[in-house]
Amino acid sequence: MTQTVAVLGAGKIGEALVSGLLRAGQAPADVLVTARRPERAAELHRRYGVEAVSNEQAAKAADTLILTVKPQDMGALLDELAPHVPADRLVVSGAAGVPTGWFEQRLAPGTPVVRVMTNTPVLVDEAMSVISAGAHATEEHLRRTEEIFRHVGRTVRVPESQQDAATALSGSGPAYFYLLVEAMTDAGILLGLPRTVAHDLIVQSAIGASVMLRDSGEHPVKLREAVTSPAGTTIAAIRELENHGVRAAFLAALEAARDRSRELAGGR
Ligand SMILES: NC(=O)C1=CN([C@@H]2O[C@H](COP(=O)(O)OP(=O)(O)OC[C@H]3O[C@@H](n4cnc5c(N)ncnc54)[C@H](OP(=O)(O)O)[C@@H]3O)[C@@H](O)[C@H]2O)C=CC1
Ligand SMILES: O=C(O)[C@@H]1CCC=N1
């Protein structure tokens with residue numbers, strides 16, 4: 001990796017990407033960051049030794065620009081950035097909802113744009129990053145993007161038409177698991193366990209179940225069946241989950257997340 005990468009709007013996701021790039025061997029001199037607040041810029045410089053520059057300087061200096069501001073801040077960023085981005089730069093957007101066409105309309109004709117939906121496990125190198133090409137992005141641009149995001153987890157390519165669904169599933173996905181852990185810990189307390197014990201039991205069960213899902217190659221139904229003994233405890237719980245419509249709640253919830261991602265496309 002010898003190309004310069006700039007992370008514009010280095011908040012939670014942007015900082016995790018900077019950290020991943022450096023751990024993968026990219027020299028701090030080849031990584032630029034931008035921030036809205038001077039104290040945030042200083043913090044990133046202190047932590048990682050990377051140079052904090054203006055958005056305009058980043059646009060002029062970096063081969064790849066990764067935009068990690070919130071969707072609602074993307075309009076202001078593009079107004080500032082667009083006049084300074086040469087058409088041979090690769091622009092990677094990490095924002096939920098915003099289509100590549102929106103960037104293409106604001107950048108010089110022919111500028112390659114790639115859209116990525118990652119997730120917060122990027123902080124522990126276990127991200128799921130979902131990648132789509134815009135109209136002018138070639139195989140080489142997709143590979144460059146994959147190379148960056150592979151340092152912090154897995155990558156998968158999908159057509160851009162599937163990005164709002166991917167945002168609902170893996171972009172927001174970690175939040176659903178945290179909610180589940182929270183609810184199950186409360187249940188443990190209801191059953192008389194100390195909070196710390198309940199938390200540890202659920203977290204380790206979640207880790208064990210996740211590793212089995214990833215490594216066994218078995219369908220989740222098979223894995224669940226192996227836990228569910230005839231007339232046993234698990235089926236008693238599953239009856240209640242079905243009675244309370246948990247499966248239907250997930251279908252409705254992910255539809256709502258997908259719809260919100262679509263709405264963000266028009267919200268800047
Ligand atoms: N959080 C998540 O789980 C996921 C988020 N995403 C997407 O990633 C993006 C970033 O999310 P996240 O990291 O959580 O958000 P953060 O708010 O942590 O990071 C965004 C950063 O951009 C800065 N910023 C805003 N405008 C500008 C500007 N014009 N120039 C320079 N910096 C600017 C903000 O500054 P300030 O600190 O002053 O606000 C902030 O530090 C979003 O688009 C989101 O849709 C994608 C997948 C998962
Ligand atoms: O909630 C959000 O809008 C962002 C995008 C995916 C996860 N967090």
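Glycine is treated like the rest: Cβ placed from N, Cα and C.
Unlike curated records, TrEMBL annotations are generated automatically.
Residues or ranges marked as domain 'Pyrroline-5-carboxylate reductase catalytic N-terminal' in TrEMBL: 4-97.
Within 10 Å of the Cβ of N55 (NADPH binding site) there are 24 other Cβ atoms, across all protein chains. DSSP assigns N55 (NADPH binding site) to a helical segment in the three-state reduction. Positions annotated as NADPH binding site by TrEMBL: N55.
TrEMBL lists 160-264 with the feature domain 'Pyrroline-5-carboxylate reductase dimerisation'.
Helix, strand and coil counts under DSSP for the domain 'Pyrroline-5-carboxylate reductase dimerisation' (160-264) come to 89 helix, 0 strand, 16 coil.
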